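According to TrEMBL, the protein has these features:
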REGION    1-20  region 'Disordered'
DOMAIN    18-128  domain 'Acyl-CoA dehydrogenase/oxidase N-terminal'
DOMAIN    133-230  domain 'Acyl-CoA oxidase/dehydrogenase middle'
DOMAIN    242-375  domain 'Acyl-CoA dehydrogenase/oxidase C-terminal'
Amino acid sequence: MRPLTDAAGRQADPISDTPERAELRAELRRLIAATSPAAEVLRLDEQERFDDKLHEALRRLGVHAVGGHPDHGGIGDIRDQTAVIEELAAGPTSMAVHMVVQYMITHILGTNGSPEQREEWLDRLHTGAAKVSFALSEPAGGTDIARVMRTTARREGDHWLLSGQKTWISGALGADALVVLARTSPAEGSSVDGVTMFLVPAGSPGLQVRELPTVAVHGLDTCEVFFDDVAVPESAVVGAVGAGFRQVVATLNRERINAAAGAIGAASGALDAAVEYARGRAAFGSTLGSFQAVQHRLVDGALAIESARSLLARAAAVEAAGGRADLLSSMAKIAASEAAVKVTQDGMEILGGAGFSREFPMQRWFRDVRLWVFAPLANDMVRNYLGERLLELPRSF
Ligand SMILES: Cc1cc2nc3c(=O)[nH]c(=O)nc-3n(C[C@H](O)[C@H](O)[C@H](O)COP(=O)(O)OP(=O)(O)OC[C@H]3O[C@@H](n4cnc5c(N)ncnc54)[C@H](O)[C@@H]3O)c2cc1C
């Protein structure tokens, strides 16, 4: 389901796509249809393989530079990133997850990287020539990560030595480097202090990556990463020593906004597939789509998607204008991920037995969208945050 104003051709409202962004969407749709149509997405999902061909086509189109640092070839802003993520998630969802991570990394390095780090990495990230993963979560917990973080970095001479383990790291197998958060001093007062961000090249001695078996997002590897005294120079520190966690938190609005875009895109793809199926499936002398119970479910899905999309557009507009989008982006992430769960759940029911078949795409969206309910931050935790910040209730965690 494409954005309403776009699809219905109504007069543009202030938060809908500009003509340029609508053209970017159309261009992406053409490219995805030509390079990675539904059958190819299914094939790669079954084989659990990254879509190198699509990645190359996206590189050529220049999508990696969208929303990036203007001094290094970046163009457009977060609203354009959401359009890219949405269009990808409606088809090759794993590539949307990959782009969410790459956009986060370019933002982290664009805001906190040293001139040398920006010089070395941003141009390559903006052309898609390099891939960098983000390693924060650990086996002891993702939601409470600042308190439970066990990965440490200690200074030895002119180097830092990293030890510990990260888990659930997207794309670590194919990454050229990882942005890693490690504790560099014991928490004093708040556990968010004393954590430092490092840029660690892949293949560093002592670094090991193991792919995890997961239920979804099969087109992108999800990995455990082990650090056994991995040595990096002082120049590998991203931003300020001890301030890494705070620096990352400052980028989370964008990640939430892009996660919401991913969920909305996947929900849109699933809804379109369900509508198409309902139109074509004969039953009781008519079609499934003629039954009120089926129509209501599809309409409720469209409503949930468009509601989440409105929140997303407001959050992205505030973020693009340099304002505080933390509440709107939190609400958009919850609304979008829950819309995606609802739409894909209903989609499975509308497809009946065909929903159960791995030869139909519904089951892939049904599995894939579960990610955004707990990642990058669990909806329960996002609600905790909204309880405190939006409703000014006592902190519940
Ligand atoms: C496919 C995939 C890709 C990922 N990619 C990355 C990546 O690239 N980099 C990275 O660093 N991480 C990544 N993650 C990790 C992800 O961010 C974490 O899974 C997420 O933060 C939740 O952490 P957890 O799994 O440890 O769950 P836990 O922290 O154990 O929480 C489990 C559940 O408990 C509940 N809960 C926890 N605390 C509270 C509370 N205070 N109040 C109410 N409820 C609560 C929530 O329902 C939550 O979902 C990825 C995960 C997956 C599965």
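Positions of Cβ are set from backbone N, Cα and C atoms, glycine also.
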Could you count the residues of the domain 'Acyl-CoA dehydrogenase/oxidase C-terminal' (242-375) that DSSP puts in helix, in strand and in coil?
108 helix, 5 strand, 21 coil
Here the mean pLDDT of the domain 'Acyl-CoA oxidase/dehydrogenase middle' (133-230) is 96
The domain 'Acyl-CoA oxidase/dehydrogenase middle' (133-230): DSSP-derived helix, strand, coil residue counts
4 helix, 52 strand, 42 coil
Reported in the order helix, strand, coil, what are the DSSP residue counts of the domain 'Acyl-CoA dehydrogenase/oxidase N-terminal' (18-128)?
87 helix, 2 strand, 22 coil
